[in-house]
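Peer 1: Input: one structure, supplied below.
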Amino acid sequence: ADACSGLQGFLIFHSFGGGTGSGFTSLLMERLSVDYGKKSKLEFAIYPAPQVSTAVVEPYNSILTTHTTLEHSDCAFMVDNEAIYDICCRNLDIERPTYTNLNRLISQIVSSITASLRFDGALNVDLTEFQTNLVPYPRIHFPLVTYAPIISSERAYHEQLSVAEITSSCFEPNNQMVKCDPRHGKYMACCMLYRGDVVPKDVNVAIAAIKTKRNIQFVDWCPTGVKVGINYQPPTVVPGGDLAQVQRAVCMLSNTTAIAEAWARLDHKFDLMYAKRAFVHWYVSEGMEEGEFAEAREDLAALEKDYEEVGTDSFEDENDEE
């Protein structure tokens, strides 16, 4: 950072489930808050998949790290391995995706998010602007990430997708990087980052079409503004990789109450193990206290509650008060 003339912030890549990904990251985030208090910290967090598991103690690690980093992180983009596995199988016809396949998909998202810092465009969005537009309350900083088009090289020869098509596919649960259903939640904020051969007029038409759909709900206390970024640099892909070279792509970042589903799933798994105090001795022998588990779990329960509250309509609250 000392060699950097205009430090904007930090991008931190880690997993929730592993010991290093959760434990070391928590320590690092705390140190960064002390040493670089004002700089933004964006996380790309690999969230434990609902069905497949790499470690039995994933729920513990995830909840402990979320609790510890909640106040230190400005924005955390969640990605879950299972969602990406499914996308690789379904959209790219890869029977047994490897970590390389998964990482190439995630790297497209990171590339889209940072493109505005690196290239020129009609509407550029920088790192701090993301936070301003996506985070209505400090704790509610877990946007859902969707990317389109995800098509294999074979299929791209005979189909180039329009702006309207890639925009509408962003609202399909199948293209999301976390397993949850936005049709069950409400959108608080939405950011569309287009790149390649895209003009503002097409974007406006596409977004207007989305807003007429009834199954996409915004909270009533937030104007249904969609923040748009357009970058003229077309998406680049790894030569010989799985993804097709396309003329245009979009990455959607949306803050939706549906992501609370993911927390609820994780909390449930935590509760099942913690009720029996299973595996807790490993943590205690490393110097942790058992009380820290309960504290972290309470914080997550509060986070679920926060999501529930922001999703309720404001006129309901007024009626309650009367």
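Quick reminder: no glycine exception, Cβ is built from N, Cα and C everywhere.
Not my notes, these are from Swiss-Prot:
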ACT_SITE  Glu129  active site
BINDING   Ser15, Gly19, Thr20, Thr54, Asn81, Asn103  GTP binding site
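Relative to the rest of the structure, where do these features sit?
Peer 2: Under the three-state DSSP scheme, Glu129 (active site) falls in the helix class.
Using a 10 Å Cβ-Cβ cutoff, Gly19 (GTP binding site) registers 16 neighbours.
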Peer 1: These are the binding-site residues: Ser15, Thr20. Which one scores highest on other Cβ atoms within 10 Å?
Peer 2: Ser15
Peer 1: Please identify, among the binding-site residues Ser15, Gly19, Thr20, the one with the smallest Cα-Cα distance to Glu129 (active site).
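Peer 2: Checked the binding-site residues Ser15, Gly19, Thr20; minimum Cα distance to Glu129 (active site) goes to Ser15.
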Peer 1: So if I measure Cβ to Cβ from Thr54 (GTP binding site) and keep only same-chain residues at least 6 apart in sequence, which ones fall under 8 Å?
Peer 2: Gly17, Gly18, Pro48
Peer 1: Looking only at Asn81, Asn103, the binding-site residues on record, which one has the least crowded Cβ, with the fewest other Cβ atoms within 10 Å?
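Peer 2: Among the binding-site residues Asn81, Asn103, the sparsest Cβ neighbourhood within 10 Å belongs to Asn103.
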